[in-house]
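To start, the structure itself, in C-alpha cells.
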Amino acid sequence: MEEDLFQLKQLPVVKFRRTGESSRSEEDGISGEHEVQIEGVRAELEPVELGDGAAVPKEFANPTDDTFMVEDAVEAIGFGKFQWKLSVITGLAWANAMEMMILSILAPQLHCEWRLPSWQVALLTSVVFVGMMSSSTLWGNISDQYGRKTGLKISVLWTLYYGILSGFAPIYSWILVLRGLVGFGIGGVPQSVTLYAEFLPMKARAKCILLIEVFWALGTVFEVLLAVVVMPTLGWRWLLILSALPLLLFAGLCFWLPESARYDVLSGNQEKALATLKRIATENGAPMPLGKLVISRQEDRGKMRDLFTPHFRWTTLLLWFIWFSNAFSYYGLVLLTTELFQAGDVCSISSRRQEVKAKCSLTCEYLTEEDYTDLLWTTLSEFPGVLVTLWIIDRIGRKKTMALSFLVFSFCSLLLFLCIGRNVLTVLLFIARAFISGGFQAAYVYTPEVYPTATRALGLGTCSGMARVGALITPFIAQVMLESSVYLTLVVYSGCCLLAALASCFLPIETKGRGLQESSHKEWGQEMVGRGSHSPG
C-alpha cells in the first residue's frame, strides 16, 4: 500500500473537476469523471466522482481553478472600501423615508391651511401607497430587463423631480396628483437593496443590508428635526422641497455606481462584468481570482411566470403574505400609537371616541412642540429593532428571525387588552414596533437572497407591491374599525401576525450561509453551498 502511494506521488499533477459544478469550461467537455492509468500498480482505476464541495486529494490538486464565477470573485475580493462607499450611496436612496414621514406632518398642516375635510386628508396618505403599489412590480421588471442601476437611477430621479414639484402645488388636486407620482417613484427605491446585495460577500450580506436600513430610521428622525426648524418659519412648501435633499445627493453621486456584475454576466456582457470586478478589487486592495470568468447561461429576465416555477411557487406565495403582514402591522401600529397615546390606554378609547364624534370634522389643530417630541421618540424605537435583528439573524437564521418578530408583536398586541398605565403602554408599543420593523428588515435580507439573478429584482418588486396593499388596508382597521371595537382591532393585528409567523416557518428555503443563486435552471442550492461544505444529491 505504501509503495502504491509513493508511486502516485511521483506522477504529474492531474486536474480534477467536480461533477455538477457550474463553473465548467467548454474544453472540459460534459463529463466530470476521469480515468487515470498507472503502470505497475493497477491496469485500470475506476472513475471516481467528487461531489460538489468535496475535497480533492492533495496529490491530484490543481493549484488554481481555470474558471471562476462572479460569486467566487465577490467572496475572494471580500468587503472593503468599495462596499463602504456603496453603503453610503444606496443609503441615501433608502433615506426616502423622509418622503413617507412627511405625510404625518403635512396632513394636519393642510387640514388647517386649506380647510380640508378628514377624508381628503386621509386621501393624501392613501394616494402615495397607491402609487407605490402600482409601480413596485414595474420597477422590478425594469431592473431585471435593463439593469439594477438603470431602474434605481430612474426611480430616484422621478421621486426627486415630483417631490420638489409638490412644493409648488397651488391647490389640493395638484398636490394629490403630485404626491401620487412621488409614490410611484418610491416604489422603485427598494431596488437599491437588490443592487447592494449583489456586491456583498456572503458573511457580510445580512449585517450590511440591515445597516442600510438604519438610513430609513435616520431619514425619519431627520424629517422630524427638519420640520421643527422649517415649519414655524418657512412653512410646509419649503419642507417638501428640503425633504428631497438626500435624493438630490444620490442623484449627484449615482453616476459613480457600477452596474451589477451578476446582471452583466447573466445578460452576456462578460467584459463589462470583469471590468467591474477588477475595479472593486483595486479599490479594496484585494487580488482577483485567477482564471477565466464564466458566462452564465443567458435567460429571459423579469418574467412573472418564473416566480411560480415548482421551485419558487410556495416561496413566492408565502413571501407575499409575509410582506403584506409586515406592512399591515407596521403602519397599523403607527396609526394606533397616536390613538392610544391620546386616549391614555385601551379602556379609555371608547369614552374618548364619544367626545370626538361631537366635534366638527373641520376642527383645526396644528402640531405642537410636544407632538413633534412624541413623533421623534416613536421613530427612535426603530433603532433597537435594527440591533436585535442584527444580533440574531445570523445566529438563528432568516426564517426564525421573521417568525420571532411576528410572535413578539402578536404577544404585545394581546397585552394591550389590559387596562395598563401610560408608561407600560409606551414600553409595549415600543417593543412591538421594534420587532415588527425588525421583521421587515429580515424580509429585506431574505428576499434578494432566495431568488436567482434573473428574477431577483422582480421578486423583490412584487413583494414590495404586496406590502403596499397591506399599507392601504390598514387605515380601515386602525381607524375605522377602532371606532366600533378596540378589541376586535387588536385581534385582527395579532391574528395576522400569528399567521405570518407560521408562514415564515413554512418557507421551504433557508438562505443563511448561502450564496446568491445565479441561474433559475438549477436546483436551489446546487451552486449555492459554500465550497467547504457538502450538500448530498
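These residue numbers are counts, starting from 1, taken along the chain as shown.
The backbone N, Cα and C atoms fix where each Cβ goes, glycine too.
Quick look at what TrEMBL lists:
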type     : residues : note
DOMAIN   : 85-512   : domain 'Major facilitator superfamily (MFS) profile'
TRANSMEM : 86-107   : transmembrane segment
TRANSMEM : 119-142  : transmembrane segment
TRANSMEM : 154-175  : transmembrane segment
TRANSMEM : 209-230  : transmembrane segment
TRANSMEM : 236-257  : transmembrane segment
TRANSMEM : 311-331  : transmembrane segment
TRANSMEM : 401-418  : transmembrane segment
TRANSMEM : 424-446  : transmembrane segment
TRANSMEM : 458-478  : transmembrane segment
TRANSMEM : 490-509  : transmembrane segment
REGION   : 518-537  : region 'Disordered'
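Per-stretch counts of Cβ pairs under 8 Å to the transmembrane segment (86-107) identify 236-257 as the leading one among 119-142, 236-257, 401-418, 424-446, 458-478. The transmembrane segment (424-446) and the transmembrane segment (209-230) are in contact, since at least 3 Cβ pairs between them lie under 8 Å (pairs 6 or more apart in sequence).
Confidence in the domain 'Major facilitator superfamily (MFS) profile' (85-512), given as mean pLDDT, stands at 81.
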